[in-house]
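J.: Straight out of TrEMBL:
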type: TRANSMEM; residues: 109-129; note: transmembrane segment
type: TRANSMEM; residues: 141-158; note: transmembrane segment
type: TRANSMEM; residues: 191-210; note: transmembrane segment
type: TRANSMEM; residues: 216-237; note: transmembrane segment
type: TRANSMEM; residues: 323-341; note: transmembrane segment
type: TRANSMEM; residues: 361-378; note: transmembrane segment
type: TRANSMEM; residues: 399-419; note: transmembrane segment
type: TRANSMEM; residues: 451-470; note: transmembrane segment
type: TRANSMEM; residues: 482-503; note: transmembrane segment
type: TRANSMEM; residues: 527-546; note: transmembrane segment
Amino acid sequence: MAIAGADDEAGTPLLSETVNGSVDYRSKPAVRSSSGGWRSAGLIIGVEVAERFAYYGISSNLITYLTGPLGQSTAAAAANVNAWSGTASLLPLLGAFVADSFLGRFRTILAASALYILGLGILTLSAMIPSDCKVSSCSSPRFQVIVFFSALYLVALAQGGHKPCVQAFGADQFDENEAKECKAKSSFFNWWYFCMCFGTLTTLWVLNYIQDNLSWALGFGIPCIAMVIALTIFVLGTRTYRFTIRREERSAFVRIGNVYVRAVKNWSVSAAVVADAEESLGLVSSKNSQQFSFLNKALVANNGSCSIDELEEAKSVLRLAPIWLTCLVYAVVFAQSPTFFTKQGATMERSITPNYKISPATLQSFISLSIVIFIPVYDRILIPIARSFTHKPSGITMLQRIGTGIFISFLAMVIAALVEMKRLKTATDYGLVDSPDATVPMSVWWLVPQYVLFGITDVFAMVGLQEFFYDQVPSELRSVGLALYLSIFGIGNFLSSFMISVIEKATSQSGRVSWFANNLNQAHLDYFYWLLACLSFIAFVSYLYFAKSYVSKRLNTI
C-alpha cells in the first residue's frame, strides 16, 4: 500500500477514490507533504468526538430509559443493553469488510454518518410519542417500543460502518515508512482516545442531565444535530486527506482465504514435500515460518500454491486469535459500568446541593475524566521514561500495555465487590432491605475508585488493543483489524448478557432472591463482581502465556 496526496497530477480531488478503496493515481512527494498529518487527523478526530458524543448519549443512560419510560425489569434491561452493545460492537466487522473490499473507508464513513443521522432522528421521534400512546391509546400497545428498538439497532448498524473506518482513516494520515510520522502515528492512538473522551464527558455531564430532568426527546435530538455538524466538517476536509493505493490485483480477503483453502487441499502432503516447497521458494526457517507450520502446506503446488508473502499474511491474522480470546473477559468486565454500576448509584445518596442530585449515569464521566487526565501523563511522562530504558519508540510494547490494563481491570472488580458488600451492609444496618425505593445512606462517591480504575485500564488495554489490531494485520485489512478489536467488546457484551441470564435463572429458583433482583438491597451484585474478578485473574494468566509466545508481524514492536 502506498499513500496518495490530496490531488493527482490533473488536479482531481480525492473523491476519485475507486470503488475498491484504492485510488487510480500515484502521489508526488510535494503533494503528499501538503496532505495528511496532524491537520487531516485533527479533522477526523473531531468527527469521532461527535460520533462518541452521540453513541454515549444513548448507551450511557439506556438502562435508565428502559427501566423508566419503557418499564422493563433490571435484569431484562441489563440484558437488552448488553445485547445492543454487543451487536453494535460486532457490526464493525461487516462495515470493515464493506469498506476494505468495496466502498473504501471514505465513502463508508459518509454512508454510515447519513444512516447515523437517520437512526438518531427516528429515536428522537420515538421519545416524542405521547405517554398515553405508549401504553393504551395507540392501535398497537407496543408501537413505541417497536419504533424505539428499530431506531436503536439502526444506530448500531451505522456505528458498525463508522467506527472501524474513521480510526483507520485517521491513522492512514501518517506514513509508517517515515520515522517521524511513524512516531506520530503511535501518539495518534493516545490522542485519539483522549479527544474521544471529551465527547463522552460532555455526554455524561450534559446529556444525561437533560434526559433525566428535562426531556428524553431533547436528549436524543441533540446528538442527531451533532452528527449533522460532524458530517459537514468531514466533507469540508476532503481535499486534505490521504488515501491508500491498492497495489494488488486480488483483495487481501481472497489472498488469505486462498492460503487456508490450499492448506486444507494439501493436508495429506508429507513433511518432506512441504520442506522441498519451502526450500524452492526460499522460505527461511525461523520462529515465524515454523509457527502454524500446517499452513506451509499451501506452498505445495499440487493444487495451486501461494506466495510466501501471502502465507505470512494468513499467519499474521491467525496469530491474533489467542490474544483476542484472552481479552474477552476484560470485555465482560467493561460491560458492567453502564449497567449495574449505574443501578447501584441510583440507590445511593447522590445529593450535591439540597436541590440537586447527580444523575447515576453521570458517574461514568469519571472513566472519561481519568482517561483525559492520565493519557497526557502516560504519553508525555511515562512513555519517555520507559523509552530511555527500553529504547523502543513506544516505550513499552503493545502487548505489555494490554496486559497491564487487564490486570488493572481485575483490581477494579475486586474494589467493586468490596464497595457493593459495604452498600449491602449499610442497607441492612438501616433496615432498608425491603425498601427498594429508599436511598441507602452511603455516598455515591464510594463508587468513584472503581470508575477511575476503569479509566486507567482503558488507557492501557483499550488503546493498546486499538494499536495492536491496527498494526498486526495486513495493511489492506486495517479497518477489519480495528473491527476485530471492537468485536472483542461485542462478544464480551453477549457473554455478559448470557451470564446474567443463566445466573438470574439459577439463583431465582425455589423462591430464592436472584443475584440481580429488582430490589438491589436484596440482590447480590457483590457475588457477581467476585465471580468476574476470579475470571479476570484467570484470563490475565492465560494472556501472559499467549503474549509471551506471540510472534510479531514486525520485529521490535511487540
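In case you wondered, yes, glycine gets a Cβ from its N, Cα and C as well.
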J.: Under an 8 Å Cβ to Cβ limit, what residues of the same chain, 6 or more beyond the ends of the transmembrane segment (141-158), are close to it?
T.: 54-55, 58, 70, 84, 87-88, 91, 112-113, 115-116, 118-120, 122-123, 125-127, 129, 133-135
J.: Return the stretch with the most CB pairs under 8 A relative to the transmembrane segment (527-546), choosing among 109-129, 191-210, 216-237, 323-341, 451-470.
T.: 323-341
J.: Return the stretch with the most CB pairs under 8 A relative to the transmembrane segment (109-129), choosing among 191-210, 216-237, 323-341, 399-419, 451-470.
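T.: That would be 216-237.
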J.: Counting only pairs 6 or more apart in sequence, are there at least 3 Cβ pairs under 8 Å between the transmembrane segment (323-341) and the transmembrane segment (216-237)?
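T.: Not in contact, no.
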J.: Under an 8 Å Cβ to Cβ limit, what residues of the same chain, 6 or more beyond the ends of the transmembrane segment (191-210), are close to it?
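T.: Contacts with the transmembrane segment (191-210): 45-46, 48-53, 56-57, 60-61, 167, 170, 218-219, 222-223, 359, 361-362, 364-365, 367-369, 371-372, 375-376, 379, 458-459, 462-463, 466.
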J.: The transmembrane segment (361-378): which same-chain residues, six or more beyond its ends, come within Cβ distance under 8 Å?
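T.: Result: 60-61, 64, 190-191, 193-194, 197-198, 200-201, 204-205, 208-209, 212, 337-338, 341-342, 345, 444, 447-448, 451-452, 454-456, 458-459, 463.
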